[in-house]
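*Asks:* I'd like to ask you about the structure that follows.
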Amino acid sequence: MATGDDSFLWDQDSILSRDLFSATSAELCYENLNRSCVRSPYSPGPRLILYAVFGFGAVLAVCGNLLVMTSILHFRQLHSPANFLVASLACADFLVGLTVMPFSTVRSVEGCWYFGEIYCKLHTCFDVSFCSSSIFHLCFISVDRYIAVSDPLIYPTRFTASVSNKCITFSWLLSISYGFSLIYTGASEAGLEDLVSALTCVGGCQLAVNQSWVFINFLLFLIPTLVMITVYSKIFLIAKQQAQNIEKMSKQTARASDSYKDRVAKRERKAAKTLGIAVAAFLLSWLPYFIDSFIDAFLGFITPTYVYEILVWIAYYNSAMNPLIYAFFYPWFRKAIKLTVTGKILRENSSTTNLFPE
């Protein structure tokens with residue numbers, strides 16, 4: 001939910017730019033326009049490095065999440081309610097990499113917004129909506145893993161395709177409704193009209209959000225976060241108990257049904273562990289930004305610009321992390337990537353390829 005200059009905070013670059021507006025030596029975003037924002041680009045060396053780092057994140061988010069979606073949707077063996085939820089999460093991260101990160105890269109490096117007022121608002125809406133969607137998806141995924149680990153044998157009857165579709169629909173509808181209502185109703189700027197007018201300039205894309213909406217935004221992050229932490233704490237305890245039971249049973253002669261249950265439980269615990277790492281990565285990426293945005297709004301926006309930019313891009317990079325996590329922990333994903341990049345998925349009946357060799 002952060003876009004730097006079009007985030008839930010006042011764009012600190014823009015605020016500093018206004019302070020320098022009267023300086024005749026300042027470089028402007030639009031040299032021939034009145035009320036132009038001050039441009040504050042980096043020197044050539046750091047500029048090239050920043051473009052490379054930010055651009056790599058955007059490319060990785062787009063390509064990595066596209067591979068996740070392609071793998072799950074193409075290979076029939078991956079067609080499950082839980083995996084469709086993961087594919088929908090990948091779609092949200094893919095859209096962050098496609099519609100948000102490239103434009104934020106230019107803004108962060110050049111210090112100006114060159115993409116017009118209309119896309120400024122859309123960019124902010126996309127940022128808020130897609131990042132909110134990621135939060136809700138991860139929350140539902142954690143609940144799914146809890147059901148799978150707590151009782152793996154009846155799990156298929158509880159988390160059905162219908163339940164998965166409802167979770168996906170809720171995640172997208174709520175996040176998009178929230179994002180667009182926040183930006184286009186103007187409610188977030190209530191009480192800040194004079195400040196907005198004073199800080200508006202050509203080449204800027206800042207969003208003012210009053211304390212009430214900052215608090216609402218923080219709650220929309222905090223509540224799902226608490227759910228995820230609680231659920232994964234329970235998953236950890238259940239997994240520990242199951243491991244102890246399996247160790248005891250290994251010393252005895254187990255029935256075939258018990259052996260099957262153990263195999264299913266082991267598989268579900270591994271999936272829960274992998275997705276738990278994805279949730280932990282999400283929290284580590286986004287928690288610093290949300291804490292800063294909440295505190296900053298009530299202390300007069302005191303965060304230094306460079307600190308704010310670092311927090312924003314750490315959060316953005318989360319959209320590129322999940323495919324790396326899947327590739328590291330899931331052999332089936334590595335095999336699916338190999339089949340995709342080599343073009344073998346274009347072959348007839350490739351969708352029936354066995355990705356889980358015994």
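Yeah, the Cβs are placed from backbone N, Cα and C, and that goes for glycine too.
Quick paste from Swiss-Prot:
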- C37-C201: disulfide bond (DISULFID)
- C120-C205: disulfide bond (DISULFID)
- N34: N-linked glycosylation site (CARBOHYD)
- N210: N-linked glycosylation site (CARBOHYD)
- 1-47: topological domain 'Extracellular' (TOPO_DOM)
- 69-83: topological domain 'Cytoplasmic' (TOPO_DOM)
- 105-121: topological domain 'Extracellular' (TOPO_DOM)
- 144-166: topological domain 'Cytoplasmic' (TOPO_DOM)
- 188-212: topological domain 'Extracellular' (TOPO_DOM)
- 234-274: topological domain 'Cytoplasmic' (TOPO_DOM)
- 296-309: topological domain 'Extracellular' (TOPO_DOM)
- 334-358: topological domain 'Cytoplasmic' (TOPO_DOM)
- 48-68: transmembrane segment (TRANSMEM)
- 84-104: transmembrane segment (TRANSMEM)
- 122-143: transmembrane segment (TRANSMEM)
- 167-187: transmembrane segment (TRANSMEM)
- 213-233: transmembrane segment (TRANSMEM)
- 275-295: transmembrane segment (TRANSMEM)
- 310-333: transmembrane segment (TRANSMEM)
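Tell me about the surroundings of these features in the structure.
*Replies:* When secondary structure is read from DSSP and collapsed to three states, C201 (disulfide bond) falls in the coil class.
In sequence order, V202 are the residues near N34 (N-linked glycosylation site), counting only same-chain partners six or more apart with C-beta under 8 A.
In sequence order, S188, E189, A190, G191, L192 constitute the residues six or more apart from N210 (N-linked glycosylation site) in its chain with CB-CB distances below 8 Å. Secondary structure at N210 (N-linked glycosylation site), taken from DSSP and collapsed to helix, strand or coil, is coil.
Confidence across the topological domain 'Extracellular' (1-47), taken as the mean pLDDT and rounded to a whole number, stands at 62.
In terms of DSSP helix, strand and coil, the topological domain 'Cytoplasmic' (69-83) has 12 helix, 0 strand, 3 coil.
Beyond the ends of the transmembrane segment (48-68), by six or more residues, the same chain brings 42, 86-87, 90-91, 93-94, 96-98, 101-102, 104-105, 108-109, 313, 316-317, 319-320, 322-324, 326, 333, 336-337, 340 to within a C-beta distance below 8 angstroms of the stretch.
Here the transmembrane segment (84-104) has Cβ contacts under 8 Å with residues 3-4, 54-55, 57-62, 65-66, 68-69, 72-73, 115, 119, 122-123, 126-127, 130-131, 133-134, 137-138, 140-141, 144, 161, 164-165, 167-168, 171-172, 275, 312, 316, 318-320, 322-323 of the same chain, all six or more residues outside its ends.
Same-chain residues lying 6 or more positions outside the transmembrane segment (122-143) and placing a CB less than 8 Å from one of its CB atoms are 1-3, 6-8, 82, 85-86, 88-89, 92-93, 95-96, 99-100, 103-104, 115, 167-168, 170-172, 174-176, 178-180, 182-184, 205, 207, 220-221, 224-225, 227-228, 231-232, 235, 275-276, 278-279, 282, 286, 315, 318-319.
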*Asks:* Count the other Cβ atoms sitting within 10 Å of the Cβ of C205 (disulfide bond), across every protein chain shown.
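*Replies:* The answer is 27.
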*Asks:* Could you tell me which three-state DSSP class C120 (disulfide bond) falls into?
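*Replies:* For C120 (disulfide bond) - judged by DSSP and reduced to three states - the answer is helix.
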